[in-house]
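Have a look at the structure below, then the notes.
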């Protein structure tokens, strides 16, 4: 039986770096999904992350492929906090969350041919009380405009938090490698 091709349905450099830690040969491809068009405001944050991860993986699935799709978002006070896209918006997002707790939701969906395996990690993030000047300094350091919640935990973003409650620290960065590793072991790659 020929070996299946492993595909990461993502152009995220963060997810690519993470997947490389599992030591599988893979290729990264842009998912064939218009993410903005698929965002349904009526869905709960976890359901939305799971839907987007599924759509991304499903868009590239094939019998001879194992395809990984992922999505990550922040749920804060009943609303979704997405990517800021500008430093000013990142500062406002962080100011609104400082001194409070939010959920970082990381969903993955893996298609092994037609077989679907899904997993969601929810991490409780307890942000410190901070001044605007401290937050502005952080945004200058990391420029986290392309990250859900406007922080890069793998860089200086760790200084924003009092406590992080997580089953898998790599989920915070974009892929829950502990669970993904188990899924891929069973995929006979």
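Please read every residue number as a count from 1 along the shown chain.
Cβ coordinates are placed from backbone N, Cα and C, and glycine is handled just like the others.
The site 'Important for substrate specificity' feature in Swiss-Prot is assigned to 14, 72, 154; the stated evidence is sequence analysis. For 71, the entry in Swiss-Prot reads active site, proton acceptor.
Reported as a whole number, the C-alpha separation between residue 71 (active site, proton acceptor) and residue 14 (site 'Important for substrate specificity') equals 12 Å. Across the structure, residue 14 (site 'Important for substrate specificity') and residue 72 (site 'Important for substrate specificity') are spaced 12 Å apart at their Cα atoms. Listed recorded sites: 72, 154. The one with the lowest count of other Cβ atoms within 10 Å of its Cβ is 154. Within 10 Å of the C-beta of residue 14 (site 'Important for substrate specificity') there are 17 other C-beta atoms, taking all protein chains into account. For the residue listed as 'active site, proton acceptor', the Cβ neighbour count at a 10 Å cut-off comes to 26, with all displayed protein chains included. Reduced to three states, the DSSP call for residue 154 (site 'Important for substrate specificity') is coil. It is 15 Å from the Cα atom of residue 72 (site 'Important for substrate specificity') to that of residue 154 (site 'Important for substrate specificity').
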